[in-house]
Amino acid sequence: MLRYRPDFVRSRTIEPIRPRLYLISPPTIDLDAFEIDFRNALNGGDIACFQLRLKDQPADVIRAATQRLMPIAQEKGVAFLLNDDPELAAELKTDGVHVGQKDTPYKQARALVGDDAIVGVTCHDSRHLAMTAAEQGADYVAFGAFYPTTTKDAPTRAETDLLEWWTSLAVTPCVAIGGITVDNVTPLIKSGADFIAVSSGVWKYSKGPEQAVAEFNRVIDMSVTS
Ligand SMILES: Cc1ncc(COP(=O)(O)OP(=O)(O)O)c(N)n1
Ligand SMILES: Cc1ncsc1CCOP(=O)(O)O
Ligand SMILES: [Mg+2]
């Protein structure tokens, strides 16, 4: 099966890495209204992937949202990941799944979705969790929360030196998450984050999601060239 996947392998190079946007849905949505916001966000510029993160919703709600939104993402070359549920991800043939430390363990998730799917793992602020996930074959490790957020009661705060340390020794890409906005993203880019995961910083941006994605990409371009 052909899957959409951004380049989840970092090559060691002297060129500065251009991080890419990793969009995360709000925890609850009205599907009709969100489809409009989603299309607008995708029109704003480069996005590597989208994670459907509908917390504590029935499987049928997640199925309906996936069936509506996944083709829209894939048509734009944006990989579609499901949060939390590798079994449902396998059933819906999403491009991948994200699992946290309290979700299905990585190896079980991998067995469910197959080798060609993307599997990312939450590693909080932990070097040990990241090394374990990368060794087991995770496509990316996610660190956070870098900033205060109201989207999730995040159990840990991560600092930029973690990104610097990780990118100096690992080839598995890292995702920075938590309270990231166009105004505070620059230190994360400068510290080597491969992907910048954003929810409210896009959906609640004062000028709307399309402008938010455009502005994130503008800041990323500025930060890697300066
Ligand atoms: C890219 C990314 N990073 C971290 C998380 C958090 O996952 P988890 O710790 O399982 O918490 P929930 O998101 O499930 O509430 C994520 N979803 N995505
Ligand atoms: C899912 C998740 N994991 C750690 S912080 C967070 C919330 C991300 O959303 P926002 O970008 O709105 O802070
Ligand atoms: Mg989870």
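For all residues, glycine too, the Cβ spot is worked out from N, Cα and C.
Keep in mind that what you see is a predicted model, and the values were worked out from it rather than measured.
Record check: TrEMBL places GLN51, LEU52, ARG53, LEU54, LYS55, THR122, LYS152 at the 4-amino-2-methyl-5-(diphosphooxymethyl)pyrimidine site, and the matching candidate among ASN40, ASN83, ASN184 is ASN83. Listed in sequence order, the residues of the same chain lying 6 or more apart from ARG53 (4-amino-2-methyl-5-(diphosphooxymethyl)pyrimidine binding site) and placing their CB within less than 8 Å of its CB are ILE24, SER25, PRO26, PRO27, ASN83, ASP84, HIS98, SER199.
Distance between Cα atoms for LEU52 (4-amino-2-methyl-5-(diphosphooxymethyl)pyrimidine binding site) and ASP103 (Mg(2+) binding site): 15 Å, as a whole number. Proximity of the binding-site residues GLN51, LYS55, ASN83, ASP103, THR122, LYS152 to ligand 2, judged by a Cβ distance under 6 angstroms to any of its atoms, singles out LYS152 in sequence order.
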